[in-house]
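Quick notes on the structure that follows.
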Amino acid sequence: MSFASGSSPVPAAASPAAAGRTVPRLNSGEIAAAAEEAFGRYSASDARRNGAGVAIVWFRNDLRLLDNEVLWRAWAASNALLPVYCVDPRLFGKTHCFGFPKTGALRAQFLLECLTDLRENLVKRGLNLLIQHGKPEDILPKIAKAFGAHTVFAHKETCSEELLVERRLRDRLQQVTVTPSGSSSKPIKPKLQLIWGSTMYHIDDLPFNTGSLPDVYTQFRKSVEYKCKVRSCCKLPTSLGPFPGSGVEEIGGWGSIPSLGQLGLEETSLKVDKGMQFAGGESAALGRVQEYFWTKDLIRIYKETRNGMLGPDYSTKFSPWLAFGCLSPRYVYEEVKRYERERLANDSTYWVLFELIWRDYFRFLSKKYGNSIFHPGGPRNVAYNWSQDQILFESWRDGRTGYPLIDANMKELSATGFMSNRGRQIVCSFLVRDMGIDWRMGAEWFETCLLDYDPCSNYGNWTYGAGVGNDPREDRYFSIPKQALTYDPDGDYVAHWLPEIQGLPKGKRHSPGMSYIKPIVPLKFGSYNPKQGQPSTLKGKQKKTYRS
């Protein structure tokens, strides 16, 4: 979830066969059963609906039904509900600084699967999902007018691009006059009602305002653990219908889920020959929780396995679904607590929540520091002469640095859209410490590739790793030889991703010599012993440098 976390030993790696798996490893029937079981536990057949007129639910990064306060409040405030998703072309444009694709094909495909699942779950509960192509600030006012909607409900975001859309939409809605559906009242201006709902701890329950947020994670964590309570998940009405009786024809029907080609992306980029392939959607997310916690009972050893790199089961793998809002962090919290009541409470069950608190922290930091999390000097405005050497960057991006541990991680990222928490720390440190490359190039490439990309966690982690974040520990360095020896001692991970070194003895896989690409830069600290194929001890005085 966060790649700004500590280290611990990792058990033996998964077999190569286990490394190529779909996540969750359930068939469609098992996924559907897990989802319906979860929906059943949170359904509210006796929920009262006292509202009137039409309300719009604007789905953003909250593609779920379970524990969706926007959905609940819009349902309660209306007698007809219209769920809408806008396929915003800006999401498929270019990144701000370096012009990389904002959304790669793998994440786009994951999004399309999320939309398909969301639509199916809405239909089961008496609704449908209206899909429109264009900017929300252009589309939603037209929809509000066509359906006579009095309010657009949505989850509130924290970063500048999303906030700009919110401001523009609010202004555009004020330019529209609607006659509320089924009402004899006077014409009104539709409202935009934004609701907080992306974190485990609610922003209104924090023991400080975001401007006073501690700059050290541990201080934040201890404070919220001691002073805050996680709110309960919202219930889900048994039936969400009806949807408005008229207006659909006026806007051209319910709309279709686009293909990758319609988004300007190539489907040839989707083939995952090895590694993990994630299934998009809330149903798959709930299936993964069921599988990881209850079927495989893996949460009991999470703290011991979380630094693994090979296979589907060394960590929860919840992050892609959390990023798209298919999975509520409060639901994960309640499942952890249920597991602790029914089976076992230990350091591992706590550590899942520890990582969710990291996720909260980065989101709250984005409110405190605003656009500075995207600036070269980060929140602390650190002056550093970063390089933007294209040849060095491309060798890192393409997995051609000459260091197998770096190259294997980067190839996994390109092939699957995922990289382990440990791998993210290592490749970040190498790019900014050993290569001296502008950390924003790495952050924007992660934005392109990662299934679990969200701006708060991504840029929060990169500023942390680059030493420009709010945390004063500015020179965090990951020694590649030490990381290799600790987390991939037999070279199983690098051999899985780099066919050219599979035939080498295990002790030579991280230092293959002439059998592999020549290293493109020397390491800042540490080296490999060419005779034994093992990391040598770190030498030299490393002032103000933290090594993991």
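One-based numbering along the chain as shown.
Cβ atoms are placed via backbone N, Cα and C, with glycine included.
What TrEMBL says about this one:
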DOMAIN    53-188  domain 'Photolyase/cryptochrome alpha/beta'
BINDING   TYR302, 315-319, 355-362, 452-454  FAD binding site
SITE      TRP386  site 'Electron transfer via tryptophanyl radical'
SITE      TRP439  site 'Electron transfer via tryptophanyl radical'
SITE      TRP462  site 'Electron transfer via tryptophanyl radical'
COMPBIAS  529-539  compositional bias 'Polar residues'
Proximal residue to TRP386 (site 'Electron transfer via tryptophanyl radical') among binding-site residues TYR302, LYS317, TYR453 (C-alpha distance): TYR453
Length of the line joining the Cα atoms of LYS317 (FAD binding site) and TRP462 (site 'Electron transfer via tryptophanyl radical'), in Å: 20
For TYR453 (FAD binding site): intrachain residues, at least 6 apart, with Cβ closer than 8 Å: ARG107, ALA323, PHE446, GLU447
DSSP helix/strand/coil residue counts for the domain 'Photolyase/cryptochrome alpha/beta' (53-188): 58 helix, 29 strand, 49 coil
Distance, TRP462 (site 'Electron transfer via tryptophanyl radical') to TRP358 (FAD binding site) (CA atoms, angstrom): 14
Candidates TYR302, GLU355, TYR361 (binding-site residues) - the one closest to TRP462 (site 'Electron transfer via tryptophanyl radical') by CA: TYR361
Candidates TYR302, TRP358, TRP439, TRP462: member of the recorded positions with the richest Cβ shell (10 Å): TRP462
Rounded Cα separation (Å) that holds between TRP439 (site 'Electron transfer via tryptophanyl radical') and TYR302 (FAD binding site): 30
Cβ neighbours of GLU355 (FAD binding site) where a neighbour is any other Cβ within 10 Å: 20
All-chain count of other Cβ atoms within 10 Å of TYR361 (FAD binding site): 25
For TRP358 (FAD binding site): DSSP state (helix, strand, coil): helix
Number of Cβ atoms other than its own within 10 Å, given for LYS317 (FAD binding site): 22
